[in-house]
Amino acid sequence: MSSTTSLLTTAILLLLLSDASAGGYNYREALDKSLLFFEAQRSGKLPAVHRVPWRGDSGLRDGFGEGVDLVGGYYDSGDHVKFGLPMAYAVTMLAWGVVEFEKEILAAGQLDHALDAIRWGTDYFLKAHNQPDILWVQVGDGDTDHLCWERAEDMDTPRTAYKIDCDHPGSEVAAETAAALAAATVAFKPYDSEYSDLLILHARQLFTFADTYRGRYDNSVQSVRKYYPSSTGYSDELLWAAAWLFEATNDKYYLNYVAKNAAFLGGTGWAVTEFSWDNKYAGLQLLLTKVLNNGDGESHSGVLKQYKAKAEYFLCACLQKNNGGDNVDMTPGGLLYFQEWQNLQYVSSAAFLMVVYSHHLTMENAILTCPGGQVTPGFILNFAQSQADYILGENPKSMSYLVGYGDNYPTHVHHRGASILSIHALPEKVGCIDGFDNWYANKKSNPNIIEGALVGGPNSNDEFYDERDMYEQNEASVGGNAPLVGLFAVLDSLATSPDTVKNKTKSHPKPNGEPPVKFIHAITNTWTHQGKQYYRHVVTVKNTGTLAISYLELKIEGLTGPLWGLSATHEQKIYELPSWLKQVEAGSKFEFVYIQGGQQAKVSLVRYTEAT
């Protein structure tokens, strides 16, 4: 067999073995599973009816050594530490999802579960805030916890509780907890007004405490520095908490606070490309943009417009519409790429902010103006959907990074409870070292599926390693999961309702005549033949418009190998839709494949015709 024939045979085999392009995604199922993850992370006495059969009661004496009841709350990720800052952020984001998209979550049949997830956190915060100027902010510590690999139900590691007070301040975590309680106040108001009133009382006290006794929490609780250090300080949390308190109370004191302290605390100075448990500026800026658009902040419109400009900088950076190097990086497969460690938690929060802002723009009949052009609400929504779809399987690995969703998802998640047989199946205690020897080091799939866990996700080249010791990629956290609730609820409403945000944006023209065709280029395999490196390239062509495309011509430059999935025309380098594909429906996509060594080919749009 000649080398050319061998290469062609290899190429055809790779093509035949590749997965077909994915169809639509079941966002309602994804929403349900994303909430189910929070039930798997519960600490304390579980309710009689709970949906994660492999979990049991745990941490039933948390805080007792310090004379306080700290039973409850959430374990942070694959370990058993209860870190106050990311837990509070997660509850804030859960509550924001309900505040913003209550109708969509209700329509999906998930409102009760969403409120339960919020309450499990807020009940714990009420216990932790047992005096006006004291907040218990951590139970357990990462160093001792990580020395053991055991189920939560078997825990025998130290459960030391850590607090902040007037002499040992922690403005970040106190303010974030205030924000969580304030956001939850709004979420619970229509359903449990007494509970809502209790939450706002504690939120006000915590904000006053955070603002009066200013200081970094990782100076007071030094054991947190290796795990959740405060790299941005507490200024963003103070403004964030005040913004949520204004949302919850309409008390002008808090609006005046964010206006008066806008410059000093960085609210109108920071232009960021990240929204996370540590950096709240983008969320704060967007939340205050809503205040401006609603007309509630007329007396501070000048400052609020500055907040809005910074919010739009973040959105434009995600949408690749800023100038030069001011955009968020993207992988070849089309995923926003913020950082190597736990990247998908930043993707989920960014996509959530996109759907929130798209909703606001639609209500205002407005568009977003970026340095790279004007952007419609529909464009923003489609971009957010592309990130959600990547998470659910539309990626070079054809893998769902939401555990339990689809047929191909991580099975070696870095999670103690998921990796060891349930206490109901194996009642005998699994010891600290036994867990490492017999379960952590075990190459078999986890015996328990931690459904709905959003793992850290692939690296900058869309590569992912489903290995238990790859915690950078294969561990989930409550902070990463929380924004998914609002995101999936919105996408579910678009998929099930004829009267959707996407439909409402039909009348907006494409910015600057932008064609409704998007290319996503990915490398899905590589091999060496006779000393030369070859690559299998998959190009996804997506119709981002509102009409079907009946004719399409593409120009492919630099193509040196075989190509499948397009038909050649009589013009050199020009290709059209294959004979079996009569048109590309609105919102749908198709793929073509080529194989070659060296650099990837350049694909560009020549012309297209939309069906009428």
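Using the three backbone atoms N, Cα and C, a Cβ is placed for every residue, glycine included.
TrEMBL lists 1-22 with the feature signal peptide.
Marked as active site by TrEMBL: H414 (among others). Remark: H414 (active site) has G78, R468, D469, M470, Y471, N474, E475 as non-local neighbours, by Cβ distance under 8 Å and separation of at least 6 in sequence.
The active site annotation in TrEMBL covers D466 (among others). Sequence-distant neighbours of D466 (active site) (same chain, six or more apart, CB under 8 Å from its CB) are P410, T411, H412, N474, listed in sequence order.
If you look up TrEMBL, you'll see E475 (among others) marked as active site. In the three-state DSSP classification, E475 (active site) falls within coil. Here the Cβ of E475 (active site) has 23 other Cβ atoms within 10 Å, regardless of which shown protein chain they belong to.
Counting residues of the domain 'Carbohydrate binding' (517-599) by DSSP class, helix then strand then coil, yields 0 helix, 51 strand, 32 coil. Per TrEMBL, the feature domain 'Carbohydrate binding' maps to 517-599.
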>> As a test of reading the model: what is the averaged pLDDT for the domain 'Carbohydrate binding' (517-599)?
In response: 86
